[in-house]
Structure formats: C-alpha cells, structure tokens
C-alpha cells in the first residue's frame, strides 16, 4: 500500500520572511524555491488565521511585504541610517537622529513583524532580490553605490580615519588615500607637479656658459622689434646681450641662471652642445643685418658672430 502524502501545514520561509505553504515532497518555498523553511507550531497557526484572511493570498500581496532592511550605525554625531531594498524596487537611504528605528514601517506587514519577533530572527543583510521584477531593477543604483554616496556626502575625512574598510565594502584601501573634495584634488595635483620639478635636462657645462658670445644691440636689432624671451623687455641700442648657438639673444642676468639649471635654450629647447643647434631659428630666419665699418662692437650680424664663435 502506498504511503499517504504528508500534510503540508504552514511554514515560515526565512528567505522571503513570510509564512508559506511549502511545495511537497521537496519542502521548498513555492515563491523563491528556497529550502530554508521552518514549520510553524499549531498555536501560531490559529493566532495568525485572522491576519491571513485579511491579507489575501500570497499572489495578491503588495511588493512592500517582502522588504529587507539593514541598519548601519554611523560614527558619533551622525546617527543611524537604514537601507530598505524591495523585490521590485529600491528604497533610498533615510537619515535620522540617533535612536531605535521605527519598528512598524509602511512597507512591513504586521504578520512579518510578529514572525520575526517570535523567532528572534536577525535583520537580513541588505541585498538586491532578482527573483521577481528583474527588468524593473535595471538601472537601479546598487547598495555599493549608495554607500559610496553616503561616504562622499556626509562622512568627513576626520571621521573616516578610524573606520578602515570595516562595513564600507566599496572602499578597497585606506579611506585617507582618497581625494576628499576640491582641496584634496588640488593637493594631489601639487604633489604630482613637485615630482616633475627636478626631472628636466641637466645643467649646462660652466665652460660652455662662459664661452657664449656677448654682443651689443644695434639699431637694426631694435628695428626688428627684438625682445628678451625671458623678461619680455625690448632691447635698446648699445645694450649687451648673450647669444646662444641657436642665435637667440638673451639678457645676461636672464639666461645665465637658466643655463645653470638646464642645458637648453628657453625658446627652441636646443642644447648648447651644438649637435642639435638650429642655424636658422624661426625668429631670425628673415632677418639680415648689415655690417658697420666704424663700430667694432657691431661690425657683424648676429649670424656671422655665431659662425665666428663656432669656428674658433
């Protein structure tokens, strides 16, 4: 004779946090297919019969019945925050003062509250349920995103120094390693710039600096509107300037400090070694200067003087 099927009875599903009629003979939840169910005592069935009749069938219950919440206690002075995640949507964080969270929320049924109180069940971990309404959850912010906004919005860097990674699973390192606000970003940029401060070309050789020719500015130089590329001051007739191998002219006090730190021309970035010297730089390509037979200091053009210095 075949054995009679066991009676289904009433069970409590810890995954759905709701009273259900299990699927036999597997004893699984018909809503979430979970086997984490517990049989209700006979006394609890009678006490909750009225609430079961009023609430209707499981299929007609609103989605707010299956709310799951998680409570985080923030550092002193910040109170508490509760996250509520529904099966078909997301309840954004609500901030309040320190103290117990309201036990009866709009989205939690009376029976669910009594069941949790009876079994001493802990508040389940906040998670995104995908068994129903998966399409509606597309584009909904994740819990990690909400926590990141919470950290960026209300937790000060001084308060985060003692938290470490702790419950803030989205922070994968020390919170003080992050840039907090505009000032923190400015600090990082300043540090990066300081790292590149001394990474330029090496200083020019002292002998090459002393060997740079000194010429005097003539009226032809002034007529072309030449100026010192460093201080941007116009040259005056009879003024002594230093000429680099690339034919660029500079005030002595402007170019010497630069060459003592960098072996390059401030204008064309050519070295003083002569290997990459620009014989006709763009600024002097179309300039021609006539020789003066009466003045020994301005008897040749800047180009001729540079060639003479190289030949010697």
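Any Cβ shown, glycine's included, is placed from N, Cα and C.
Swiss-Prot annotations:
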BINDING   13, 16, 29, 32  Zn(2+) binding site
COMPBIAS  44-55  compositional bias 'Low complexity'
COMPBIAS  102-115  compositional bias 'Basic and acidic residues'
COMPBIAS  124-134  compositional bias 'Basic residues'
COMPBIAS  290-301  compositional bias 'Low complexity'
COMPBIAS  302-312  compositional bias 'Polar residues'
REGION    41-63  region 'Disordered'
REGION    96-139  region 'Disordered'
REGION    275-312  region 'Disordered'
ZN_FING   13-32  zinc finger
ZN_FING   228-269  zinc finger
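Mapped onto three states, the DSSP output places residue 13 (Zn(2+) binding site) in strand.
The average pLDDT computed over the zinc finger (228-269) stands at 91. Cβ neighbours of residue 13 (Zn(2+) binding site) (same chain, under 8 Å, six or more residues apart in sequence): 19, 20, 29, 31, 32, 34, 36, 37.
Counting other Cβ atoms within 10 Å of each Cβ, the binding-site residues 16, 29, 32 show the lowest value at 32. Residue 32 (Zn(2+) binding site) falls within neither a helix nor a strand when secondary structure is assigned with DSSP, and so counts as coil. Residue counts of the zinc finger (228-269) by helix, strand and coil are 8 helix, 7 strand, 27 coil (DSSP-based). Close to the recorded Zn(2+) site, the chain also has 14, 15, 18, 20, 30, 31, 33, 34, 36, 37: residues not among 13, 16, 29, 32 whose Cβ is within 8 Å of the site's Cβ mean position.
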